[in-house]
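Structure first, commentary second.
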Amino acid sequence: MENLWAFLAHSSFLSSEPVQTALLVGACAALVSAVIGVFTVLRGNAFAGHALADVSSAGGAASFLLGISPLLGFLGMAWIAAFGMEFLGVRKVRERDLATGIVLGAGLGLSALFLYLDVTTTSTTGAAVSVMFGSMFAIPQSLIGPALMASAAVFLLVGLLYRPMLLTAVDPDLAAARGISLRWIGLLQLLALGLAVAVCALAIGAVLATALLIGPAGAAIRLSRRPAQAIFWANAIALTAVWGGIWMAYESYYWFSGNAWPVSFFVVTLVFLFYLAAVLVAKVMGLSVRPKPVIWPHCEA
């Protein structure tokens, strides 16, 4: 381990400004996606997370067209989609999935239009790849501050609404009986999810952001018996996948004779491998796919 840290400290890896920016923004994406991802998976909103990530691509494409910050573009479209999904479909899973599908289709249509206009009117040929699959080493340092603020907003929201969000995710009927507004909690959770989606899309692209939102959280829930344990493991998995992916992408320049592979590929691959490992470990240890509510004491009181 000491040799590894010595190698990293004295190599050009940590001294590169694009790498430093990628590590900071990537850490923001990993941590916020892990925290909000646990609640998203528990609530059965994985499809909503996927939809928000894909729909946010329209905002990213619009940001190239309008010359604004891509983070604002991703966030604006993700929030519009979040409002649409929450108010079109409320409680029933079938209605929620139907509303999500409608919003997803509309968002992808807008994304196709904006990407077409990017290419034809601004000659931004790399917009599609950057929006859909990310370009972490090309993120400007000016976006570090906004990414940190967006992440802080997610942590603040989750910290304030931790118990209501957890109870709503595990047992919505009990939450309603205790006077918790399911619609408002659902909307606030979707808004927090939109913030996380925007940061993830900025880091690894709108299409692949779903993997970072759902994968670490899904793996952590399989391995955990407590909410705090699930959040801890989700953060550890997500951060390892992102930082490991950045390092592997940087080193791939030397592995493949000057042809570096994209960061997003390595990040998603590591997330997939972590999830497979979690499934195998859960089966060996006899853990259930989702802990029963009675095992999660923080839901009570």
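Think of each number as a place in line: the chain as shown, counted from 1.
Cβ coordinates are placed from backbone N, Cα and C, and glycine is handled just like the others.
Going by TrEMBL, these are the annotated features:
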type: TRANSMEM; residues: 21-42; note: transmembrane segment
type: TRANSMEM; residues: 62-85; note: transmembrane segment
type: TRANSMEM; residues: 97-117; note: transmembrane segment
type: TRANSMEM; residues: 147-165; note: transmembrane segment
type: TRANSMEM; residues: 185-218; note: transmembrane segment
type: TRANSMEM; residues: 230-250; note: transmembrane segment
type: TRANSMEM; residues: 262-282; note: transmembrane segment
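Spatially, the transmembrane segment (230-250) is not adjacent to the transmembrane segment (62-85); fewer than three Cβ-Cβ distances between them are under 8 Å for residues at least 6 apart in sequence. Nonlocal intrachain contacts for the transmembrane segment (62-85), taken as residues 6+ away from its ends with a CB within less than 8 angstroms of a stretch CB, comprise 48, 51-53, 55-56, 96, 99-100, 103-104, 107, 110, 114, 117-118, 121-122, 124, 127, 130-131, 143, 146-147, 150, 187, 190-191, 193-195, 197-199, 201-202, 206.
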